[in-house]
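Written below as structure tokens is the structure these notes are about.
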Amino acid sequence: MGCTLSAEERAALERSKAIEKNLKEDGISAAKDVKLLLLGAGESGKSTIVKQMKIIHEDGFSGEDVKQYKPVVYSNTIQSLAAIVRAMDTLGVEYGDKERKTDSKMVCDVVSRMEDTEPFSAELLSAMMRLWGDSGIQECFNRSREYQLNDSAKYYLDSLDRIGAGDYQPTEQDILRTRVKTTGIVETHFTFKNLHFRLFDVGGQRSERKKWIHCFEDVTAIIFCVALSGYDQVLHEDETTNRMHESLMLFDSICNNKFFIDTSIILFLNKKDLFGEKIKKSPLTICFPEYPGSNTYEDAAAYIQTQFESKNRSPNKEIYCHMTCATDTNNIQVVFDAVTDIIIANNLRGCGLY
């Protein structure tokens with residue numbers, strides 16, 4: 001999934017230049033407030049988008065941020081390994097080397113003692129590296145759609161020697177990939193293209209959704225995030241529901257909500273990198289039995305996009321769709337630039353200037 005500019009992105013760039021020229025000519029210099037609501041099911045990448053705004057539109061992560069994320073990286077790493085270890089039993093997978101059972105006990109003990117946010121001891125690090133290298137663990141990892149596993153598990157476990165080093169400091173990418181469940185509403189402020197943005201990240205799990213209603217007033221646009229890679233997975237909070245089906249249901253209720261009759265909806269079909277890898281091995285018919293196409297990235301992604309767009313029951317509402325990879329700063333920068341231009345164009349249209 002390279003980052004060369006697509007035709008869509010080139011067109012967005014041209015549009016961007018034209019809009020900026022129009023703004024200058026019309027002398028519209030007063031910065032406007034833009035209220036963006038970031039919605040989507042749990043683990044769709046909303047909080048990662050917020051972190052990207054910090055990198056792109058603020059000054060990135062401070063020394064204090066790095067310090068705060070360090071224990072989260074330790075926890076995400078060992079908790080991911082512990083989840084695979086637990087699944088070994090559930091799925092009945094054997095270790096490649098029976099000696100690994102001792103290592104797995106050590107990992108699970110650390111987690112059960114709630115010491116998962118601590119730096120790894122030399123002994124624990126060795127045990128974790130041996131486990132991650134075990135053929136049984138790898139077989140179990142390859143079946144991760146059958147249990148709940150953090151998307152960043154492989155990223156962190158492949159970096160064990162770096163994360164386990166005594167002088168370890170989280171990199172920007174390490175921080176972008178951290179997973180902490182969002183509870184409540186997180187608000188971020190930044191200025192871009194003469195607009196004051198207020199971005200609201202709202203918890204995606206079902207229990208969090210009742211808190212969204214307070215944010216609904218005067219929303220300029222909604223960014224709705226979907227994890228493309230969730231098509232063959234079930235929810236954390238309800239293991240009978242497919243993640244993609246849940247996203248579609250939620251999108252339907254947001255898109256056709258009376259509060260949002262005149263609100264622009266921007267659809268981020270996210271985790272395109274994970275989806276591109278997964279679609280080679282896991283057919284889309286798992287989620288959409290009626291899917292007639294091939295299991296290529298292009299065909300499958302286009303089909304999913306159509307499924308979401310078809311939920312829109314308003315003939316006057318346009319859904320602006322982007323394929324995204326929230327952990328890729330360049331991709332999010334280009335996409336957010338295009339999103340901002342849509343907002344500016346809609347604002348100007350509202351004033352009769354565009």
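For all residues, glycine too, the Cβ spot is worked out from N, Cα and C.
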* Structure fact -> Range annotated region 'G4 motif' in Swiss-Prot (choices 106-113, 250-257, 266-273, 282-289) is 266-273
* Given the ranges 93-101, 174-182, 183-191, which one is assigned the annotation region 'G2 motif' in Swiss-Prot? -> 174-182
* Kindly point out the range from 67-76, 147-156, 197-206, 227-236 that Swiss-Prot annotates with region 'G3 motif'. => 197-206
* Restricting to the region 'G4 motif' (266-273), report the mean pLDDT as a whole number. => 97
* Going along the chain, which residues six or more apart from ARG177 (GTP binding site) have their CB under 8 A from its CB? -> THR48, ASN76, ASP151, SER152, TYR155, TYR156, THR327
* Cα-Cα distance maximum in Å, computed over every pair in GLU43, LYS46, SER47, THR48, SER152, LEU176, ARG177, THR178, ARG179, ASN270, ASP273, CYS325 that the record assigns to GTP -> 17
* Which one, from the binding-site residues GLU43, ASP273, has the smallest tally of other C-beta atoms lying within 10 Å of its C-beta? -> ASP273
* Asked: What Cα-Cα separation, expressed in whole Å, is found between SER47 (GTP binding site) and THR182 (Mg(2+) binding site)?
  -> 8
* Would you pick out, from the binding-site residues SER47, THR182, the residue whose Cβ has the largest number of other Cβ atoms within 10 Å? => SER47
